[in-house]
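Undergrad: Here's a structure for you.
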Amino acid sequence: MVKAGNETQISEFLLLGFSEKQELQPFLFGLFLSMYLVTVLGNLLIILAAISDSCLHTPMYFFLSNLSFVDICFASTMVPKMLVNIQTQSKVITYAGCITQMCFFVLFIVLDSLLLTVMAYDQFVAICHPLHYTVIMSPQLCGLLVLVSWIMSVLNSMLQSLVTLQLSFCTDLEIPHFFCELNEMIHLACSDTFVNNMVMHFAAVLLDGGPLVGILYSYCRIVSSIRAISSTQGKYKALSTCASHLSVVSIFYGTGLGVYLSSTMTQNLHSTAVASVMYTVVTPMLNPFIYSLRNKDIKGALTQFFRGKQ
């Protein structure tokens with residue numbers, strides 16, 4: 001922290017992480033390193049399967065490979081820095097590093113939400129309008145949906161970062177988290193945060209609530225269409241088509257709600273940090289397993305790819 005006149009220029013923050021007990025640090029390092037490697041490897045395998053097998057060159061797997069890429073980036077935004085801090089027994093993150101981490105966190109969390117909405121729309125078209133699926137979900141529309149998702153996420157991230165850069169911080173520079181989270185940084189500010197809170201809550205309603213409404217609407221229509229199917233086998237096939245996506249959506253929004261409730265209902269900041277692990281680390285790690293465990297196409301594509309390499 002560098003002082004100049006009456007102004008305070010922040011040079012670094014302290015990330016408190018989970019525990020200050022030294023005996024737990026090797027365990028935490030091994031745990032999060034393992035989870036990070038599983039996340040990267042699992043999502044890379046999904047991308048590899050979607051690229052290598054021409055049978056998987058469909059809208060569903062195009063969106064899934066994009067989601068896997070975003071999950072890798074999402075985990076890489078936070079976990080490597082946390083591992084470095086644990087290994088070096090340091091809690092320090094520079095001001096520029098903190099703003100950068102916050103910027104990418106906001107970018108990828110919103111992009112995750114938008115891509116899940118796009119995938120819900122894809123499921124809706126596949127089940128409710130199967131005869132027109134290939135016409136509606138054209139390569140041009142698929143590319144446009146992903147592009148718009150990226151643009152909206154980048155613009156929101158830039159806006160959140162710009163208004164955060166206008167904040168002044170006091171002497172309390174401890175972030176009770178393992179990464180620089182937007183809400184925690186606003187709480188640390190000693191200047192007026194009205195604009196920041198307005199922008200943050202407006203973006204949350206628009207870019208988190210909006211996609212959730214879209215997903216719920218899509219699944220309401222999907223359930224109505226499935227109920228109209230006469231055969232039991234047809235109903236089972238339709239349900240199995242969207243089961244994986246519905247599981248991922250439930251985990252994503254369920255853990256997000258858990259983090260929000262834990263931060264508002266408890267004063268234990270470390271418990272909030274632990275709850276956020278489910279949201280930021282565990283969910284990207286589970287996604288490849290959820291999509292591949294019951295997916296014969298992905299299993300077949302990976303088996304064929306590795307057999308071809310032998």
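Using N, Cα and C of the backbone, Cβ positions are placed for all residues, glycine too.
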Undergrad: Looking only at the topology recorded in Swiss-Prot, are Gln89 and Thr303 found on one side of the membrane?
TA: no
Undergrad: Going by what Swiss-Prot says, which of Asn6, Asn66 is noted as N-linked glycosylation site?
TA: Asn6
Undergrad: Can you tell me how many other Cβ atoms are located within 10 Å of the Cβ belonging to Cys190 (disulfide bond)?
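TA: Cys190 (disulfide bond) is surrounded by 12 other Cβ atoms within 10 Å.
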Undergrad: Using a Cβ distance cut-off of under 8 Å, indicate which of 27-47, 56-76, 101-121, 141-161, 239-259 has the most pairs with the transmembrane segment (273-293).
TA: 239-259
Undergrad: Counting Cβ pairs under 8 Å that sit 6 or more residues apart, are there three or more between the transmembrane segment (239-259) and the transmembrane segment (56-76)?
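TA: Stretch pair does not touch.
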Undergrad: Could you give the number of helix, strand and coil residues in the topological domain 'Cytoplasmic' (122-140) as assigned by DSSP?
TA: 16 helix, 0 strand, 3 coil
Undergrad: Please count the residues of the topological domain 'Cytoplasmic' (294-310) that DSSP assigns to helix (H, G, I), strand (E, B) and coil.
TA: 14 helix, 0 strand, 3 coil
